[in-house]
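Beneath this line is the structure, given in structure tokens, with notes to follow.
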């Protein structure tokens, strides 16, 4: 298989594009002279006029018609045309041999016979290639893939198709007829075979074969192998031919002699054919647009220029594809009108467009303007002094060429699609010609002036590969393209467009113009005009020439006269003596062309009478005819005596300029100490301006040198002063004013080589020496692998004094970054606790961005190794921590030991160590839990289970603890089902604990205040969370029961106050409208229910459910009825099951306390029943009247409410019995004694005596244990302490309030039937509460004053500081005041 086609076309570099201002655009020749130093280096340039410069299109579109040229794209390219010519010759050769040429395919691609033939010839020929077995090398050279038997195929095709042709070309097949010696050529194994005789009568008609004899061997035998030439009737044996023929040709056959005659005929010169159709501009445009849109299958305006360019060069280099286009080129503007408006033309110009008639950029004016020397050519030259028109279509091209007489050309694209140009500078013209002759020598053998025919193109990439500088541009509508003298250019059109072009010549062209005439003479190419005639024409108008043109004419004329004198002297010496004057300027150019070189003669020519109308120039005198030279006549236009005065007039005109030019030349060529200062250069420029010398090359050179000197002066001063445009210590970029060291070195050399003397040169030399010392020091530092950042930074600081781009600076900055990176690695490595994986990755990423260095690579390797190990163990520990089931502590400990030595912060590894540590602590805690003597709390157990579940370690005791938690949760659910009512908002703990949320004010004893004996903070028991917290903080069940006992006391005190307050609300003295009762907080009205516990009234419709029925039980309001009140028989198994679990929880302690409280109450109730001689419980229950009934309570202002049931009458009932009943109702366990006591108290106790009750109430004091007593006392102190503080702060307000309360209580006491001696507020005054009864009271002040209560009979409160009691003593021991001590002593 062949290799892929060579890379597609790569566009060359763009040529310069100039955009002149209106001021610059005003004078075209001045602007062209200005840009010439830049543009002539590329050969072509593009000029964009100012945007407002838009000349009207003046061509008569309706009259314009033309016959275009036909261009076959695969015939344009030189190398492609060589291949086509070769294939034509091969095809003609085999056609004359009676065979048709069929090009074979190799590896599914057409075989390049030309390349195969060339490669075999380069290797030495067919025989040598076969002998040395080079066919494989040839296959590789032709681009075929190695490893296949392509070489043998190539040999077979070459031997069959090309070898006979090469033998013919070498003449080896032209053999002479046989001689007397009888030497014949035979081929072994070609004896005639009678049974296989081909029929040759088709060639010989009715003649007999034996009448013909082979011209090689002279024998007429083997008539079946005898061929008859269809050209000369000569006969040859097939085996006598070289090479021999194996088969009889099917078509006409020519013998070697006829073949040589046919093939030796010269080939016709290649040229473009004219199309058969004459187009109008509109018809051509329709054809062009249709072709492009069909070819690319898209609208013409959407085809990218890059695509058209690549496709064009692909087509011209492809033999297989034959694409034909047409080009309307070289259409005379004189006949159809220019695209630009002209004076007196057919196109009528509007007033605003009249400026374009005289504009210098109007191509009708440019060639004939004064600065153009073509104004001195008398004849109108179409295409040179008169513009030519060009109508293009897609792919139509103009081939490589230079302008006639190596003149300038300017092309303007009026409208249409772009035109793509390629150009080579004038200095590369001979190089381009040499490359084309080298790559296509066959074409130049046929046409020596091939490049002047505009019929051959060559791929710019090919020329560039041989070192020819090529530039390109896309010329769009409204843009100019200028080509410079001897600049080869070519190109093609992107689509339908209309362009116009003309030539012009400036002063700088004149020397090239004469050189071009000499070049034409060598090529035997005709001249478009006579250069000598133009010079003489200008010399005749010397006084009207500007000095620069006069100087150029004088120099050119001097060379012309000297050469003419030498030639005339030579001719005279050769024997030509006859002379005649001839007015050649009156003859047409074709009437005075040299018969040999076709040069247009003007100054002189040689004629002979034998050849009338024929002449030769003095260079080719021997090529005129065979007559003696004495018969020749020298025809001259001017004598030498006429030429010298003409030259002197021109010289005088240019004398002032020449003197100035001489001084300029001397100044520019001065060396060493003779160099002039910058001021001398400026004075010469000022002199040229004062004398108004026109712009020319010498003046431009002077200005250029002066500008260079001024720039050097400025740069040198800047470098010496250390000025910088932009320079930062951290910057790495090169400023616009910076030079490299090499540039500085070259600049210093330039200062010494410049024609101007500058004083900064020695100082810059010293600066260069300092920079070189810096470079040497930098080199030593860079060679050291372990360089500190300080040393590198010091070098960088030194470099800031040099305004030069130092190549060491980027490397030093890189080394600085490397050193900083290494220091960062060392610092982080020294602190493993901060060396995270992210830090390592960041350092590695930073290291990757650094320039490679051994130290960096070593650090990177260490970091990468550490990162790999760390990531491995992080991943492994992560897997261990996430494993399910979790691994044992031994496995984790083994892994933890392996990661101990890794110097990095590894979160997973630390988590592993932490997990192991927590697991060990948990196991110790679990062991202590299992082996401990105290019963643990449920919350601690739950917390322990949660902590154990969060530890990713296999913990053996965890399952047992989880089982305990599950049992406890199941127990709580069972207890909740037992106690809680359906849809109850109370929690189990709220139900089991004594009530703490009663809002009836703080409980009070008969004492005035309750003070804490110490500064220790008392436990708050104001809400459920406080109670639960207090229970959790207790160490054992006993402490928990004591805490609950304290809550019970609070419950009893608060409820007593609440009952009294609710009773007082229902007194007749209260205003009915102001009362707020029931859950709805509205006044009482209609049927009401009174809670037996809180004694508050409720609307029957608000609290009685439809399902409620008459009950023998006491009616409790929704707040007081908190649970289902199961029987004691159901509660005791719950407590027993909890005790078996051996775990404490607040609900369990509360249940325990509830059971003890229930049992204690049951005992007290039974004692009361036995002591009072109450009737039998069942009988009393059966005979007791129903508690339900209607009792009218109030009738006021037509508002009546009544209770639907009877309540226990409180008149005459002692506080102790009331408390016994209240506590029974508070119990969340149902007991028959509660019902019995309720009915007894509801119906009244027969024969009840107050003394008995007092005797009875002494019994509970023995039942109440010591813990309750202490809790009761502590509660009193805390509550009364709070009251004291508040009342001490606002004494006056409290007094008013207390007076009001005392009045209300007195009124309540006078009407209530239940005395409230322990809880009333009427016994004390506000003054007594705030007074210390101690003698000599010190009256301490402050928000917190410590008090102590007498434990004797007076129960008074004293300041601790007044009675000499410390807080610790008041807490631990009882205090008895002095008065009580004396009374007790009595």
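Glycine residues also receive a Cβ, built from the backbone N, Cα and C atoms like all the rest.
Going by TrEMBL, these are the annotated features:
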- 15-56: domain 'JmjN' (DOMAIN)
- 80-170: domain 'ARID' (DOMAIN)
- 211-261: domain 'PHD-type' (DOMAIN)
- 355-521: domain 'JmjC' (DOMAIN)
- 1075-1123: domain 'PHD-type' (DOMAIN)
- 1277-1286: compositional bias 'Basic and acidic residues' (COMPBIAS)
- 1277-1333: region 'Disordered' (REGION)
- 1287-1297: compositional bias 'Basic residues' (COMPBIAS)
- 1298-1308: compositional bias 'Basic and acidic residues' (COMPBIAS)
- 1329-1383: domain 'PHD-type' (DOMAIN)
Residue distribution over DSSP helix, strand and coil in the domain 'PHD-type' (1075-1123): 4 helix, 10 strand, 35 coil
Distal contacts, the domain 'JmjN' (15-56) - CB-CB under 8 A, six or more residues away: 340-341, 347, 349-350, 353, 356, 359-362, 366, 369, 371-372, 408, 421, 423-426, 428, 469, 471-473, 475, 478-485, 487-489, 506, 508, 695, 700, 704
Local confidence of the prediction over the domain 'PHD-type' (1329-1383), expressed as mean pLDDT: 74
DSSP residue counts for the domain 'ARID' (80-170), split into helix, strand and coil: 62 helix, 5 strand, 24 coil
Secondary structure composition of the domain 'JmjN' (15-56) [DSSP: H/G/I, E/B, coil]: 16 helix, 6 strand, 20 coil
